[in-house]
Amino acid sequence: MTTRQDEEETHLLQQPDQLVARTSPLPWDQFWIILFLQLSDSLVVQTLAPFTPQLIRDIGVTNGDESQVGHYVGILQSSYYTAQALTILPWSQLSDHIGRKPVILTAQFAMSISMFSFGLSKNFVGLVVSRAFCGAFNGSNGVIKSMVMDITDTTNLPKAFSYMPLPWMLGTLVGPLVGGSLSRPVDRFPEIFGRSILLQIYPYLLPCAVPAIFALVAWLVAYFCFKESVSTTTPLWKLTKGRLLRQSYAKPFPPSRNALAVREVANSEGVASKPLPLCALLTPKVLTVTTSYVTMTLLYMGFSSVLPVFYSTPIELGGLSLDPPKIGAILAVSGVAHGVFQLLFYSRLHDRFGAGAMHVTGVVSGIPIIILFPVTNALARVHGLGLAVWLSVGVQLSLVTSLIMCYPCLVLFIRAAAPNRASLGATNGIVQLVVAGAKIVAPASAASVFSYSMQEGHDAWSIYYYLMAFAFLAVGTSLLLPRDPSLWEDHQ
């Protein structure tokens with residue numbers, strides 16, 4: 001009896017060490033490169049935000065109608081996501097076969113070319129073409145998530161995603177400052193750039209050149225330092241001949257049985273599995289997480305597209321009358337705050353509450369976030385840009401932290417929903433394809449409704465009703481997810 005008790009005590013004492021041993025360390029030799037690549041994408045997006053409304057005014061496409069600025073800003077944002085929606089699934093599927101590295105190199109080069117083109121554009125068509133080009137060839141949005149899943153496992157993936165805000169935090173800090181401070185440099189810094197004919201003709205080239213050059217640096221880092229994360233790759237020329245398509249996609253497997261068989265082989269025997277056909281990826285789990293991801297994206301993208309337009313719109317028309325430097329500073333400070341909070345607390349909150357509870361909390365926070373738009377404008381009308389207004393802005397941006405943390409939570413559900421490891425890229429591509437559609441609809445529609453609500457004779461609250469509908473949709477679909485992704489993996 002004593003011997004058995006000693007064995008049980010020894011077993012219990014060993015359990016903490018075993019649990020610690022099960023947590024894999026992060027592969028920092030490759031993970032830092034992924035963070036660096038994501039910083040490039042963040043810089044491109046965040047640099048454009050502060051000066052885009054003013055750029056729309058300068059090119060004259062609105063003919064002086066202030067209420068149309070938001071409409072054209074939304075079209076410009078949606079052009080990127082439309083092109084991305086048409087290509088993100090092919091890029092994701094291609095990365096499962098030829099590897100992640102060639103796709104990432106193509107994306108970095110496309111971002112650099114498109115940013116130079118954007119800065120040199122003098123009309124609205126040129127701006128749209130530049131953003132559409134970037135969206136069509138930038139497959140990094142979905143592939144980077146697949147790269148993180150490739151080099152991690154279920155024990156260290158939440159910790160990896162606690163670091164993912166770092167590049168977005170830096171991008172949100174540097175990007176708005178670059179976009180807000182370096183736009184129209186001849187006017188802002190005449191003693192330095194006053195003699196530059198190039199910058200007089202192209203007043204927005206300088207802020208666009210900064211992320212463009214950084215993307216080229218990221219291309220060099222990826223080319224020389226990143227090791228391919230896909231274990232088995234096929235040369236592109238073989239794909240063009242159709243050999244892989246005949247082998248992997250032409251065979252008529254029953255979706256659920258095929259996915260289950262491949263997963264069992266990959267997990268139990270360690271045998272490398274092959275990418276599955278698209279029909280085998282459309283499982284109930286994938287469709288559930290896709291629906292939740294789409295509604296959350298509608299909410300966040302709608303809010304994000306309205307926010308800078310709301311800041312730049314005159315107070316009497318429903319905004320705050322802020323100039324690009326102030327908008328850039330606000331976005332920069334909020335981006336740093338969001339990133340620091342997620343870096344310090346996401347992993348702990350995930351371990352304490354689980355991904356499901358965090359996601360529900362995040363989308364619920366969208367309701368007060370939207371309500372604070374009219375509240376902030378009402379305070380500005382009564383008190384001007386005083387302490388009450390800035391407190392309202394601070395509370396709103398603080399609540400956004402909870403909404404942003406929905407993204408890493410949903411990535412954990414995508415990994416758990418994937419039928420097998422070799423189809424992570426394609427599974428993520430399917431989700432990102434539908435999400436890209438939401439990114440097309442949300443910015444253009446929200447900005448257009450905002451412009452509509454500002455026009456005389458229209459309900460000024462129309463935009464807030466519209467965004468609130470997104471919030472309730474996101475809350476409803478979030479309840480379809482389990483409380484933790486491991487529940488899906490346990491039933492594979």
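Cβ coordinates are placed from backbone N, Cα and C, and glycine is handled just like the others.
Keep in mind that this is a model prediction, so the values were computed, not measured.
Here TrEMBL gives transmembrane segment for one range in the set 90-108, 147-165, 166-184, 185-203: that range is 166-184. Here the transmembrane segment (463-481) sits against the transmembrane segment (286-307); at least 3 CB pairs are under 8 Å, leaving out pairs fewer than 6 apart in sequence. For the transmembrane segment (353-375), the list of distant contacts is 158, 292, 295-296, 299-300, 303, 306, 310, 318, 392, 395-396, 399-400, 402-406, 409-410, 412-413, 460-461, 463-464, 467-468, 470-472, 474-475, 478-479, 481-485: same-chain residues at least six beyond its ends, Cβ to Cβ under 8 Å. Averaged across the domain 'Major facilitator superfamily (MFS) profile' (30-486), pLDDT in this predicted model comes to 84.
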